[in-house]
């Protein structure tokens, strides 16, 4: 099967992943050429990695599969991003994934464990694979008026209500969502335990980061595009120098300690 091919031709074929069935791999294993042996070892390593990733993804569906087996379908995962920053809104997302683990979502994980480029890549894939997804936002004013916990729940509630498919059950990171008549399970560390919650955490984080990049254009002196509103030394120094702007959370102590909001209005 491969004896009539050069090592370069086999390498090109392996790179394209075309026709890489078990017969092809067995033929590579029997080929005595050193170059072919190296190609075979690389393909087997890749195969083993994909098998391990498929197993890891399947474990992330334990909660979803259990609920579906009990008759709850579809299941939505819900999470938020932006509880801790000194500036900007809190953003939530709700995601309904297909009931079967999909290697198109290889690398799916808690958004905090992924770098920005990986999060953006996965967010695009999640939107393609998901049966439904949506986002909800609570503004800086709502955070001030309600407190951050209540505002986070409001953002999550909005995300759920915007889903085009009504979920039968919710898996929520951290806390149950009040004033929502749907059965739900709050999972501590849910973005590392549930595929749909992990997907929601990624969408919420990517959307919020993009909003903060947009706000950076309006208020470049704070560096929102770098720290996304969190209390980094750069951000605290900018607050001390310029005072708060309308995006800052007036109820947060570091913001209150930096003087009048009027310094940066407009």
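Glycine too: its Cβ is placed from the backbone N, Cα and C atoms.
Here Swiss-Prot flags 73-266 as domain 'RNase H type-2', drawing on sequence analysis. Note on the domain 'RNase H type-2' (73-266): its mean pLDDT in the predicted model is 94.
The annotation divalent metal cation binding site is assigned in Swiss-Prot to 79, 80, 173 on the grounds of sequence analysis. Note on residue 79 (divalent metal cation binding site): other Cβ atoms within 10 Å of its Cβ, all shown chains, come to 32. Under the three-state DSSP scheme, residue 79 (divalent metal cation binding site) falls in the strand class.
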Using a 10 Å radius around its CB, how many other CB atoms surround residue 80 (divalent metal cation binding site)?
30
When you measure from the Cβ of residue 173 (divalent metal cation binding site), how many other Cβ atoms are you left with inside 10 Å?
25
